Amino acid sequence: MQWIHYRNETGDQAGFVLTPNIMSVCEQVGKHARSKNSPPDSGAGKELTALSMEEPITSSQLEGANTTTLVARDMLESSRAPRTEDEHMIAGNARLMAEIPDLLQEPLTPDLIRRFHAVGMGGINDEKYRPGEFRDTDDVVIADYDGNIVHQPPAATDLQVRLQMVCDFVNDTGSYVHPLVKTCVLHFMIAHEHPFRDGNERTSRGLFYWYMLKSEYDVFKYISISQLLHAAPAKYAHSYQYTETDDMDLSYYLEYQASIIHRAMTRLLQYVDDLVARAARIDHFLYNLGVYRG
């Protein structure tokens, strides 16, 4: 077990085992997701840019936004003003994802976490979300789909200290943790702390992307983890629950997240291969017509 400097409110220290599956996905990400493997700015890259819209849309749908992907994509592509609270959720997520590249040089701090929330949740329903404000009460619980309470977040009075513990883990360069593992653990920590009244999951997923891009895994601009999480939300929730009920063994959560990232990476690579093959067929067709000479 590899232990990390993070404990739950009862004192259980968090740790994980790097299983073969987790290590395999770390290798896959290291091989295919670095900056040098990013799509070009023209040609196929233009089509890939459309993929960057998937995460803000499906992340909101995962949290209950009742808007079709087609309508949401049209809103983002046309820059149409959102008309409903659901559309405001998607627009807020898109705004957050667009701001992330400007924040890559920042260390993680409680203020940066608040900024992520303020940017992503602002203008949706400010009374409900209180954008950028940490919760000051403990009347927030996490329930399953049957209404059973599965997690009581730590006390609001402990948030500043606990979030600093989260930041120290992320910013620590003294002990190596693979960036993919670290960003998944960060994702878990924010959900566990639940520092805001609402919008915690969207904030945690935004921080996931921030750390992956900060670590120069630029291909993640085109990968939507929420698209796959949205397809099986119960499994996603169970991966949290298993960790929290087994003395903070993060291996459960990391295994599930690794499987999601593996599938998302594989789908992207297949999509790129299809684009390249299609472009080659078009070039060949034009060449035979005498229109294109290479």
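In case you wondered, yes, glycine gets a Cβ from its N, Cα and C as well.
Annotation source TrEMBL lists domain 'Fido' at 108-259.
Sequence-distant neighbours of His194 (active site): residues of the same chain at least 6 apart with a C-beta under 8 Å from its C-beta are Arg135, Val140, Ile142, His151, Pro153, Pro154, Asn200. DSSP assigns His194 (active site) to coil, not to a helix or a strand. For His194, the entry in TrEMBL reads active site.
The ATP binding site feature in TrEMBL is assigned to Asp198, Gly199, Asn200, Glu201, Arg202, Thr203, Ser204, Arg205. DSSP assigns Ser204 (ATP binding site) to a helix in the three-state reduction.
Taking the Cβ of Glu201 (ATP binding site) as reference, residues of its chain lying under 8 Å away and at least six apart in sequence are, in sequence order, Ser59, Leu62, Glu63, Ala191. There are 28 other Cβ atoms within 10 Å of the Cβ belonging to Arg205 (ATP binding site).
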